[in-house]
Amino acid sequence: MRFELTPRTTVSPVVRALAPVAAFITAFLIAGFVIWLMGRSPVAAFQVYVIQPLSDPWSLQELLVKATPLALIAIGLTYCFRANFWNIGAEGQYVIGAVLGGWLALKTHGTEAGFWVLPAMLVLGIIGGALYGLIPAFLKTRFGVSEILTSLMLVYVAQLTLDYLVRGPWRDPKGFNFPQSVTFDPSATLPPVWEASRVHYGTVFALIAILVTAVVLGRTLFGYRLKLTGDAPRAARFAGFSARSTTLAVFAISGGLAGLAGISEVSGQIGQLQPSISPGYGFTAITVAFLGRLNPIGILIAALVVALTFIGGESAQIMLKLPLDLTQAFQGILLLCVLAADALVSYRVRLVSRGGGK
Amino acid sequence: MFSRSLMGVLAGAAALALSAGGAAAQQKLKIGFIYVGPVGDYGWSHQHDVGRKAIEKAFGDKVETTYVESVPEADSERAIEQLARTGHGLVFTTSFGFMEPTLKVAKKYPNVKFEHATGFKRAPNLATYAAKFHEGRYIIGQIAAKMSKSGTIGYVGAFPIPEVVAGINSYFLGAQSVNPSIKIKVVWANSWYDPAKEADAAKALLDQGVDVIAQHTDSPAPLQAAEARGKFGFGQASDMEQFAPKAQLTAIVDNWSDYYVARTKAVLDGTWKSEDTWGGLAAHMVVMSPYKNMPDDVKKMAEETEAAIKSGKLNPFKCPVVKQDGTEVECKGNGALSDEQVLGMNFYVKGIDDKLPQ
């Protein structure tokens, strides 16, 4: 006896749209059951985990803050993944963007440098991330090296470069030798979108990136070219699309957006360079990209949902004294349910007896 | 029908949560903790959690405690603020990397009292505290030199920050005081808590002929590696005897309980002030677990050294302190290095055959 997946010939758009909703309900039912087994109230947990963060202006803002780097990086990764290139190293591109942009902030620290500093930092962040993303792309086009390995390994190079800089040349001279830079001047700080908020302009950049990407992927030749390269590389070649320039382009875009996320986070949220500037955004964004099905609007929603699981998880620890492990388990359950729902919508599962298979 | 009953349940849960929160806030002092690692690490965060439980035990119904564990340093501001805005009157943030976020939140919530471990930035409602672990490390250095047959002792360090560097120097000065020709090897794990990396670091040391290992990382892995090879080691942060009954000579135990209880009492009495606390063996913030697996004369020496440090007769950094390059460090304290010099230490003492990464 074994299971066999056969593709469904027709899938109604309604079913496809409802699949994630069903996945969410299933995930909450499973998590609720676990919470009930632990002797707590699943209803109270749902209230703290979901309803409360979504009904309180403060946590809604925090949701945007947390979702911003995830959305920016994931939207960049969409270009790569659509064309079937595996950029696993967004975390490294994020770090290098922050390093290059942060360099200018440190250079101009304590000087009278004016309004140009911040825009220049952002541009440097994009350039840094893009150049760093081009390394695995170049190695792939020139030598045929797997971009999965090189992009991932370059993450560690980037992290250790930042580590070296903040322990050595960029260390705050007044910081008791602790590994961190000076805090950025106001002229190098990404301002909040509205007063006294933690929501910085990175959120605006993320929204712009999502809108632009929706147009590029849906309505331009370049978007079509990515889809064709991903779905039918031979057809793309026959159509005259150069695989080489596609590779370089998607890695530059993806790296640039990750770099923008990095410099936005450092100048808008953290306010200085330190050994760790990301709790793994570059990797979580891969999950976000797939949860959002490589669709710009889907990614916006997925980034918010993933951010919600983090914030709800903290609330659950504080309000209900539920352990962090449960939050992480829930994130896993949620991803699994969404992927399973996707598979069940696209494929029919049949139980076949061993003999009848072949 | 279904949706209406669901709404009713949710509204009821919300009302319940709100009323419970309101009632608790009036009577109890809510105390929050932010941990950098999991409470189950048996090291740094675990010991802070022991302190949290000591508060609950000492004050019973008068307090309520909460913790958020494994909070990434680059994304900690939200978790800290969430404690401040959910009615916590006293918040402990227990890792160096929480310094800037704690400062930011403290400015926003002037009525909440904050305590930051191992940092140096204070505010009217933000106190700092740390412990002189290097006092204990002088004692284990002496024990290590006595117990080593190969004449080479080892050290697994987390990050080359002043606190860790001061610990290595103190350990080595202690060892030198009983065996002037002792040698030391240092390996950096570049993590506070990574059992696999810590074990690898310990094995690398053992392979190089080291037979006694000290560690400034939080898991019992290095100690367990020593146990597996029939060598010796020291527990870090908590008594780790259960993990290595034959290898653990003693452990440098962090004891935050007395401090946490005293600070809680100060808040309840209305006498809390922002100040800097740096206590060692005498203040009972650093405690040596029972000396075991060693001959009686070594045990006696260790006990005498412990008594001498407690009484103030012995300071591990008594002048003259000589750097690796042979230059003498300016003596800014009273017959020993000043607190500031120890807190900002970024040099190795003479005799350490290793280059300090910076």
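Positions of Cβ are set from backbone N, Cα and C atoms, glycine also.
Listed as Cβ neighbours of the transmembrane segment (A:21-39) (distance under 8 Å, sequence separation of 6 or more from its ends, same chain) are residues 45-46, 322, 326, 329-330, 333-334, 336-338, 340-341. According to TrEMBL, the transmembrane segment annotation covers A:21-39 (among others).
Annotation comment: TrEMBL describes A:88-106 (among others) as transmembrane segment.
Per TrEMBL, transmembrane segment is recorded for A:118-139 (among others).
Among the features that TrEMBL reports, transmembrane segment is placed at A:148-166 (among others).
As annotated by TrEMBL, transmembrane segment applies to A:199-222 (among others). Tertiary proximity for the transmembrane segment (A:199-222) is limited to same-chain residues at least six positions away from its ends with a CB under 8 Å from its CB atoms, namely 61, 64-65, 67-69, 71-72, 75-76, 78-79, 82, 190-193, 249, 257, 260-261, 264-265, 268-269, 296-297, 299-300, 303.
The transmembrane segment annotation in TrEMBL covers A:243-264 (among others).
As annotated by TrEMBL, transmembrane segment applies to A:276-292 (among others).
Positions annotated as transmembrane segment by TrEMBL: A:299-320 (among others). Residues 40, 44-45, 48-50, 52-54, 59, 62-64, 66-68, 70-71, 74-75, 78, 206-207, 210, 284, 287-289, 291-292, 326-328, 330-331, 334 of the same chain lie 6 or more positions beyond the ends of the transmembrane segment (A:299-320) yet place their CB under 8 Å from a CB of it.
Residues or ranges marked as transmembrane segment by TrEMBL: A:326-345 (among others).
Residues 69-71, 73-75, 77-78, 81, 88-95, 98, 155, 162, 258, 261-262, 265-266, 270, 298-303, 305-306, 335, 338-339 of the same chain sit 6 or more residues outside the transmembrane segment (A:276-292) yet have a Cβ under 8 Å from a Cβ within it. Among residues of the same chain six or more beyond the transmembrane segment (A:118-139), those with a C-beta under 8 A of the stretch's C-beta atoms are 85, 87, 89, 92-94, 96-105, 145, 147, 150-151, 154, 158, 187-190, 247-248, 250-260, 262-264, 267.
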